[in-house]
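Taken straight from Swiss-Prot:
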type	residues	note
SIGNAL	1-19	signal peptide
CARBOHYD	ASN53	N-linked glycosylation site
CARBOHYD	ASN91	N-linked glycosylation site
CARBOHYD	ASN99	N-linked glycosylation site
CARBOHYD	ASN143	N-linked glycosylation site
ACT_SITE	GLU194	active site, proton donor
CARBOHYD	ASN203	N-linked glycosylation site
CARBOHYD	ASN222	N-linked glycosylation site
CARBOHYD	ASN280	N-linked glycosylation site
ACT_SITE	GLU312	active site, nucleophile
CARBOHYD	ASN427	N-linked glycosylation site
CARBOHYD	ASN440	N-linked glycosylation site
CARBOHYD	ASN465	N-linked glycosylation site
CARBOHYD	ASN491	N-linked glycosylation site
CARBOHYD	ASN520	N-linked glycosylation site
Amino acid sequence: MKRILGLIAYASVPTVINAVQISVDETAPSNPVFDAYVSYSIEFSSFPDYAGNNSRPNTFSENLLDNLGKITGTKPYIRVGGNTQDYALYNASLPYSLNGTIDPKRSSDYPTTIFIGPSFFESYNSFKNTRFIHGFNLGLGGNRTSGWQTLLDTVPLACKALGGGKLFAWTYGNEPDLFSTSAQGPVRPPSWNEAEYVDQWLNGTRKIHELLERNCPDLAKNGTYGYIAPSFAGVGNKLKAPKAWGEGLNEDKNIKLFATHNYISGATSPGVTLQGTLMNHSMTKASVDAHIVEYNQVKAIDAAAPPLIFGETNSLYNQGRPGLSNTFGAALWGVDFNLYSASVGFKRVHMHMGTNYRYASWQPIATNKATIGTKAPYYGNIAVASFLAPPPSSPYDSPATSLATVKHLPISSTPFLSAYAAYHSSNLTRLILINLQSYNTTASGEGLAPLPPSSLTPRPSVTFNFTLPAAYLLTDGGKEKQVVVKRLMANGSDAITGITWDGWSYNWELDGGRPVRLPNVTRTSESERAWVGEGTSDGGKAGLGVVVEAGSAALVEFV
């Protein structure tokens with residue numbers, strides 16, 4: 001086939017050092033993602049920081065959520081949970097939202113002794129037009145009087161705070177597969193097993209339903225009431241999700257979504273690197289595929305098992321690692337991870353974050369450990385949302401056209417490139433190309449001290465050559481079909497600042513997280529347009545080539 005177009009120019013076209021050929025099938029997958037595919041999980045103890053309260057709502061967080069909502073038509077769903085939901089006890093006389101004590105021997109990142117007061121639930125008023133998942137305490141609630149009393153006291157408060165369409169679902173317990181082995185302190189004996197977990201889960205969720213019927217009857221109805229579960233930490237721990245399902249976890253048929261958690265590796269795990277661990281498509285694929293194997297085992301037990309989501313996930317467990325989880329390379333990992341997950345059947349992904357967490361998409365407040373600001377991973381979230389968003393001609397209120405299906409376009413020659421196609425109403429609407437080859441511009445690759453100009457080498461690039469469906473040939477009237485390219489860019493994969501999406505910045509210091517077009521970044525309308533050309537020798541297919549620099553991504557949109 002004759003490739004008509006070599007590519008789309010970027011500000012300065014680098015020397016092409018490699019090229020890959022990819023064929024794009026016109027047949028769309030049949031498994032669309034849910035609305036608000038890019039969603040969040042906020043650490044329970046950090047929720048007041050992220051959301052604020054009635055007197056002081058966190059408008060920075062609200063702006064960042066609004067950005068995503070304006071792109072996709074639905075704001076991200078917020079799951080409030082994590083390890084600290086299973087430490088939280090209720091104190092009705094507490095004059096503020098949360099009192100937490102950090103024990104460095106257990107965790108230096110979040111409190112492990114926690115009391116919440118009535119005003120904790122004010123935080124659910126801060127984000128407008130947002131749906132929530134609230135986490136109740138099973139860790140202490142299932143085996144301690146104080147924990148059980150907390151459940152009795154907080155269900156009425158939570159349900160009243162989440163009325164009026166705010167509630168999506170509940171959770172009861174976070175990562176119960178680790179209850180007997182947790183590094184932060186076990187809350188169950190070594191004999192803890194799936195049958196005991198299911199017994200305690202059913203006991204607690206039935207009490208929750210009883211309390212809802214008494215206090216918030218509208219939230220006890222079948223159309224509203226439900227859970228995401230089992231929220232296990234992974235597939236390799238002591239408790240196994242298929243066995244828990246077989247023990248009757250969904251006996252009451254109230255689990256809306258099958259939720260699992262995932263981290264590619266650990267913050268202090270030996271051998272973890274940006275290139276080898278995060279910017280590595282093979283690692284991402286293997287990590288996600290293990291969950292598909294597990295989910296298929298659940299489906300074999302129960303063919304009607306609910307849809308699959310990541311209820312909590314991010315790059316490296318234990319809140320991430322500086323120089324890895326907070327870099328632009330982690331943003332590129334997030335794009336690859338989210339879209340590969342979508343391509344194999346995950347319906348929604350909740351990216352986890354907390355105050356001072358290294359992998360967080362943003363830091364909600366200033367602390368003695370971190371400054372308030374938009375972090376690199378958020379830009380990856382924006383890119384994923386832009387890829388999945390309804391095409392411009394499709395109204396947000398039309399489910400048939402607004403929900404995307406995603407196809408993984410395998411590249412077998414290297415683990416450092418990946419590509420995906422998005423379809424709406426069976427029509428190819430976008431491609432995204434991710435160059436995961438690292439390109440560092442700071443000393444030690446930690447994103448802090450820039451290398452001197454004399455130490456910088458030319459930034460490599462790869463040309464993605466596409467064979468497209470015949471529908472992307474010239475039209476009958478001879479009008480060329482135009483594409484627009486939007487780029488996710490930074491100075492290098494180790495950068496922690498200076499990141500842009502299509503020339504836009506979402507930084508706190510510019511306009512509180514609202515999008516600001518940077519004048520020194522080339523605009524799409526000026527230099528990132530191209531046309532799909534006519535093929536000649538392979539059945540009339542069209543060709544397209546796109547150059548993508550190392551440590552960057554490009555979205556191709558058919559217009």
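Placed from the backbone N, Cα and C atoms, the Cβ positions cover glycine too.
ASN427 (N-linked glycosylation site) sits 20 Å from ASN465 (N-linked glycosylation site), taking the C-alpha atoms as the reference points. Within 10 Å of its Cβ, the residue among the active-site residues GLU194, GLU312 with the fewest other Cβ atoms is GLU194. The Cβ neighbour count for ASN440 (N-linked glycosylation site), using a 10 Å radius and every protein chain shown, is 23. Note on proximity: of the recorded positions GLU194, ASN203, ASN280, ASN465, ASN491, the one nearest ASN143 (N-linked glycosylation site) is ASN203, by Cα distance.
Ranked by Cα separation from ASN465 (N-linked glycosylation site), the glycosylation sites ASN203, ASN222, ASN280, ASN491 are led by ASN280. DSSP classifies ASN99 (N-linked glycosylation site) as strand under the three-state reduction.
Distance from the CA of ASN280 (N-linked glycosylation site) to the CA of GLU312 (active site, nucleophile) is 21 Å. A sphere of 10 angstroms centred on the C-beta of ASN203 (N-linked glycosylation site) encloses 15 other C-beta atoms.
In sequence order, THR441, PRO450, GLY498 are the residues of the chain that are 6 or more apart from ASN491 (N-linked glycosylation site) and have a CB within less than 8 Å of its CB. Distance from the CA of ASN53 (N-linked glycosylation site) to the CA of ASN280 (N-linked glycosylation site) is 40 Å.
Of all the glycosylation sites listed here (ASN53, ASN222, ASN427), it is ASN222 whose C-beta has the fewest other C-beta atoms within 10 angstroms.
Around ASN91 (N-linked glycosylation site), a 10 Å sphere centred on its CB holds 15 further CB atoms from the protein chains shown. Each of the glycosylation sites ASN143, ASN280, ASN465, ASN520 was scored by the number of other CB atoms within 10 A of its CB, and the lowest score belongs to ASN520.
Using a 10 Å radius centred on the Cβ of ASN99 (N-linked glycosylation site) and all shown protein chains, the other Cβ atoms total 15.
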